[in-house]
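For H40, the entry in TrEMBL reads active site, proton donor. Taken from TrEMBL, the feature beta-alanine binding site covers Q64. Sequence annotations record features per position, and here TrEMBL assigns (R)-pantoate binding site to Q64, Q157. Annotation comment: TrEMBL describes G151, E152, K153, D154, V180, M188, S189, S190, R191 as ATP binding site.
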Amino acid sequence: MADVIITRTVAELRRAVREFRRGDETIGVVPTLGALHDGHIALVQEARKRAGRVVTTLFVNPTQFAATEDLSKYPRTEEADLARLREARCDILFAPEVDEVYPRGFATTVSLEGPAVAGLEDRFRPSHFAGVATIVAKLFTMSGADVAVFGEKDYQQLCVVRRMARDLDLPIEVVGFPTVREADGLAMSSRNRFLSPEERGLAPLLHRTLRGIADAALVGADLEAELAKGRTAIEAAGFRLDYLEARQADNLAPLGGVGLAPARLLVAARLGATRLIDNIALAPARN
Ligand code: PAF
């Protein structure tokens with residue numbers, strides 16, 4: 001079996017992609033910050049189903065971290081990531097240095113409205129999505145991929161990327177993949193490793209609360225009242241809640257008069273020093 005081709009520069013990446021294109025292969029891309037877990041590997045496997053060859057990008061993008069968020073603490077585990085990508089039969093790893101992505105004089109940022117200013121993550125991480133959208137647009141054009149797979153766990157990010165690809169006419173299909181969860185419901189995340197054993201025990205409450213609200217609303221309970229109960233339960237368990245909201249699933253606008261479907265429940269809360277996010281569809285249990 002061919003090994004993963006490791007590329008560090010845009011020229012190397014393009015050369016490797018060009019070789020595959022010569023054989024008429026389609027290309028899928030899975031953008032990541034590294035510290036790969038089973039959730040990422042599921043994205044690579046989904047990309048394998050949708051394209052002939054898969055590029056995984058591993059880049060801890062400094063422009064999406066605020067000064068208050070410790071970029072240097074972000075886990076960097078390239079050797080282990082590579083081993084996992086080998087097992088998942090990824091074809092190309094793109095792991096550039098910061099200077100390759102943001103050379104001296106870099107001066108362009110994607111400017112966003114719509115789902116990027118929905119008052120969810122953007123309220124707590126105001127510069128985050130400009131950094132995400134800019135790097136994702138660059139990774140799309142660097143890889144020239146036909147399809148990109150993103151986890152639904154970062155649901156606002158998925159909406160922002162979809163909107164951006166559509167608005168900028170980027171010739172790529174953006175696919176959302178359901179959140180991969182631990183057996184107790186906790187959404188897989190590179191940040192889970194920072195939870196103490198006690199916090200790890202509490203963390204699945206976020207998913208249980210979302211599920212409880214969805215199930216109650218689906219049998220006719222008042223959604224706002226259920227959200228209020230959920231907020232109280234999360235805070236009583238010792239989380240510091242950033243938000244717990246129900247929004248329209250496609251653009252993250254408030255539900256207003258549009259009813260329950262298709263809607264999304266989204267939550268963000270801090271447990272000690274770790275910030276956790278999660279979301280589910282306001283629909284019968286699926287994940
Ligand atoms: O979700 C992530 O891992 C990152 O935000 C992404 C999409 C790789 C952009 O840096």
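A Cβ is built for glycine as well, from the same backbone N, Cα and C atoms used for every other residue.
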Assigned element (helix, strand, coil) containing K153 (ATP binding site), judged by DSSP: coil
Find the shortest Cα-Cα separation between the residue listed as 'beta-alanine binding site' and the binding-site residues G151, Q157, S189, R191, and name the residue that gives it. Q157
Distance [Cα-Cα, Å, rounded] between Q157 ((R)-pantoate binding site) and V180 (ATP binding site): 16
Round to a whole number and give the Cα-to-Cα distance in Å for the pair R191 (ATP binding site) and H40 (active site, proton donor). 13
V180 (ATP binding site) -> DSSP, reduced to three states, gives coil
